[in-house]
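TrEMBL lists 44-62, 68-85, 97-119, 131-148, 207-226 with the feature transmembrane segment. Feature annotation from TrEMBL assigns domain 'Guanylate cyclase' to 273-405. Summarising the annotation, TrEMBL assigns region 'Disordered' to 460-497. For 467-497, the entry in TrEMBL reads compositional bias 'Polar residues'.
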Amino acid sequence: MPDRPPPRRRPLFRLPGARARWIADPHLAQAVTRAERAGVAFSFQVRAAVLLLVAVWLAITVPMPRVFYWHGMILLFLLSGLIPYRLRHRSHWRRWLVGFTLLDAALLTTILILPNPFYETGWPIQTQLRFHNQLYLFVFLAGALLSYSPGMVLWTGLCIAASWSVGTWLIARLPGSILALPPTVDGKVEGSLSAFLDPRFVDLNRWANEVVLLLIVALVGAVAVWRARRLLHRQIDSERARSHLSRYFSPDVADRLAREGGRLETAEERPVAVLFVDIVGFTGLSEGRPAEQVVTLLRSFRTRMARCVFAHGGTLDKYVGDEVMATFGTLGSGRRDAANAIACGLAMLGEVERWNAKRRQRGTAEIAVGVGIHYGPCVVGNVGSASQLEFTCIGDAVNCAQRLERLTRELGTPIIVSEDAMAAARRELEGEEESLARFAVGGTHPLRGRLEEVPIWHLEPDPAGQTKPSITPLTSEGSTYRAPSTPVASDTPVASR
């Protein structure tokens, strides 16, 4: 078998302006893109609400004309968020978002450093770095978490750190700025304290701590968003895998496969019980009927048969027209695979009998089915081309079970079980063979494609007039499984009921 290429690793962070190309599933990539766009919209809505509250608060607490400056800055912030919001459905919307994030960081730094031109205090501009205005930078960084993009969170942190560093550097270069404290001499701190209290002093150590703290918070926030996205991807993958598996396996088996990753690529040979069931005379039954009624009939039949298969721990292999193929022991040889297959066949007859009772009440034709069961070695695994794989069973046991199902028409019996399947069921039941007492030896019969005749067992008529399952189904894990109450579609349109 040729070596498969190693799986493509997902990067921890991607560039904010890049597409989500690392996501292999295009539907998942589209879902992530929609979530990011929704995050941009939600972030703008939060920004607008916060800016509105700030504008109202400033109008109450700041006298005119000083408040006009702050209201102008609020309008600029609102505009810088509105443009990416309106462009979020464009092809290059991430590039706009990246650019306006840098603009927001520069605008916020300008507001925090430059004093209000309508209010003259006479204080040196260096004092703007002492009012703890940098705390507002963390509020802006927190808003980036709503973008649902770890790269955008990290980019926002870098923009804030860079803009705040540039602003501090420009102030530090002004004439008269004090950048270092004089050394302490003989334990006297008067000189250092005097320099520290000087309004023109710029504490570069404090600036370094602020930048490092900003980057740490940005990194932690980006990791938190990345973990949230990773968890979402896993949940989506798990639910999608379970949804696909539940069409073929019973719910408990589908859950187990979803937890284990559903790795069914390796084909291997194992003994499997194979069951075929179809509607007797389906061609004549569907002749002259509208296509909608035929499809509804098939859907109702398949739903009922699938419910019986899953109730007995079986695997729904495929549908071929009105024919249903089910297997038992597909994922591993169980303790009662053959017995479960026979119990499933009996349950199918009981389900069809209940279905016919409803059909008689509606005045529609009754349904007859034929069931063939065989037990033998099969190759189980994914088969097909690289572009379209199918998990199935192949081998002589499958062909034999299908031929036995066809033989039910010739012998006039609803169920035919091969000698191999009956012998395996007797071994599995261990003292409960009386549950198979309704089956009688049917002799040997030739099957198309086989050189030797096959000994069979057929179902004798039920003295009570009904066919009921007489074997308690066990899954391959040895626990009784109860089928969920799945609604069954009727094969008659609502208007004709």
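Using N, Cα and C of the backbone, Cβ positions are placed for all residues, glycine too.
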Next on the checklist: Cβ under 8 Å, sequence separation of at least 6 from the ends of the transmembrane segment (207-226): give me the contacting residues as numbers and ranges.
Outcome noted: 12-13, 129, 134, 137-138, 141-142, 144-145, 147-151, 153-154, 156-158, 160-161, 164-165, 168
Checklist entry - Can you name the far-off residues of the same chain, 6+ from the ends of the transmembrane segment (44-62), with a Cβ under 8 Å from a Cβ of it? => result 70-71, 74, 77-78, 81-82, 84-85, 143, 146
Item to check | Stretch-averaged pLDDT - the domain 'Guanylate cyclase' (273-405) | outcome: 87
Checklist entry - Same chain, outside the transmembrane segment (68-85) by at least 6, Cβ under 8 Å from its Cβ: which residues? => result 40-41, 43-44, 47-48, 51, 54-55, 58-59, 62, 93, 96-97, 100, 103-104, 107-108, 111, 116-118
